[in-house]
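For reference, TrEMBL has these:
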COMPBIAS  1-19  compositional bias 'Polar residues'
COMPBIAS  23-44  compositional bias 'Basic and acidic residues'
BINDING   GLY56, ASP57, GLU58, GLY59, LYS60, GLY61, LYS62, GLY84, HIS85, THR86, ARG353, LYS379, LEU380, ASP381  GTP binding site
BINDING   ASP57, GLU58, GLY59, LYS60, ASN82, ALA83, GLY84, HIS85, THR179, ARG193, ASN272, THR287, ARG351  IMP binding site
BINDING   VAL347, THR348, THR349, GLY350, ARG351, ARG352, ARG353  substrate binding site
Amino acid sequence: MASESSMANVNGRETTSLNGEPVVKRPREGVPQEHPLRTPKEPQNKVTVVLGAQWGDEGKGKVVDLLAMDADIVCRCQGGNNAGHTVVVDSVEYDFHLLPSGVLNKKATSFIGNGVVIHLPGLFEEAEKNLRKGKGLQGWEERLKISDRAHIVFNFHQAVDGIQEQQRQQQEGKNLGTTKKGIGPAYSSKAARNGLRVCDLVSDFKVFEEKFRMLAEHFRTMYPNLNVDIDSELQQLKEYTERLRPLVTDGVYFMHKALTGPSKKILVEGANAALLDIDFGTYPFVTSSNCTVGGVCTGLGVPPSYVGRVYGVVKAYTTRVGVGAFPTEQDNETGNLLQSRGREFGVTTGRRRRCGWLDLILVRYAHMVNGFSAIALTKLDILDTLPEIKVAVAYKVNGQPLPSFPANMDVLTQVKVEYETLPGWCCSTETARSFEELPVQAQNYIRFIEDFLQVPGL
């Protein structure tokens, strides 16, 4: 243990130097004494985050498009082309799966972060498809940046996804309802540490090819029925490499410069939603990434102190694609009405969405995880024709109230929902452009949601 005479200046106390001589205090060069480094520095720029608060399909793309109009940078932080955002600009409907919705803003830089898994054919096909629709995407390659640390989804990942779903159906009689876009297998490769990243592809292609063949063989060993055309896919990837190279950047350094440089408005759009999060969602019927606020930090390399306002997008009712527990589902005329009026079909899969009443227990749980600064309520007009509207306000199992949202899906399938019934407004709200223009009953519906969640509307 060091003696006092061997200690230097500790916690501001004068001590002796290592050789026993008095310590000579010298001011640090270039550091004003009235502003020591230990004083916390307030972030120059903070990111604004838009997240889904239910099972997805809440209309995040529309909210992002609105906020992206004056953004400088719009980021994707997780997921892949399993997510779908529809944005209508100048009467043209654009469908985005990998590209950030903000790519339509020609003054903004779009950034695909390291937490996203990228299927390169899907990325370029998506761009070309939307280019044919209108002028909104012109020049997209000049304003898109992709993190060099992002993992790549290969065609065999997608094939494996389909095989796994088929096996689940045969073994258990039910599948997870994945999009078969290869997202789960790609994240599995990432976690198994045999995945390949964008930086690998744009570096030495011979080294990449060797690793690619090993990875493909790994999956072929696991799935003997897997049909993989290794040479064809390698040729395709080689062709994409030259188009990809100018887009690739050091994502950590890119975000650091954006956060600490001149004033910028930085927007992050979440894909999927809170109840599909790999940790906090209705597991196992979830996606393979963190689509809650923590995914912003890990998926972009953003320190937590740089996360600013977090907006939760809440649909005025609840929908879900695929299988899994759904306490407020209305498998009846009400559900059919919501489905038809809301045109509830998946952007990525085209599957019919299941519909039900707004579940505030579920949304409150999403708020616990994400800490929403405000909520953006969407598709309120779908409820315009209903004389009464129900809202879930409590869960019970075996007659006992549940204090929190259950982790176990067997429990969630058993819950009895307690509803609050509110009067409808039975008139159109489609032309309303402010809260004050809404019918009183619609205003009361929104206030009820705000009061229950203790979160203001956006």
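For all residues, glycine too, the Cβ spot is worked out from N, Cα and C.
Taking CA atoms as the reference points, ASN82 (IMP binding site) and GLY56 (GTP binding site) are 11 Å apart. The 10 Å shell around the Cβ of LEU380 (GTP binding site) contains 18 further Cβ atoms across the protein chains shown. In sequence order, VAL313, LYS315, ALA376, THR378, LYS379 are the residues of the chain that are 6 or more apart from GLY59 (IMP binding site) and have a CB within less than 8 Å of its CB. ASN82 (IMP binding site): 28 other CB atoms within 10 A of its CB, across all protein chains. Here the Cα atom of GLY350 (substrate binding site) is found 18 Å from that of LYS60 (GTP binding site).
Per-site Cβ counts within 10 Å over the binding-site residues ASP57, GLU58 peak at ASP57.
In the structure shown, the C-beta of ASN272 has more C-beta neighbours within 10 angstroms than that of any other entry among the binding-site residues THR179, ASN272. In this structure the alpha carbons, written CA, of LEU380 (GTP binding site) and THR179 (IMP binding site) are 28 Å apart. When the binding-site residues GLY56, GLY84, GLY350 are compared by the number of other CB atoms within 10 angstroms of each CB, GLY350 has the fewest.
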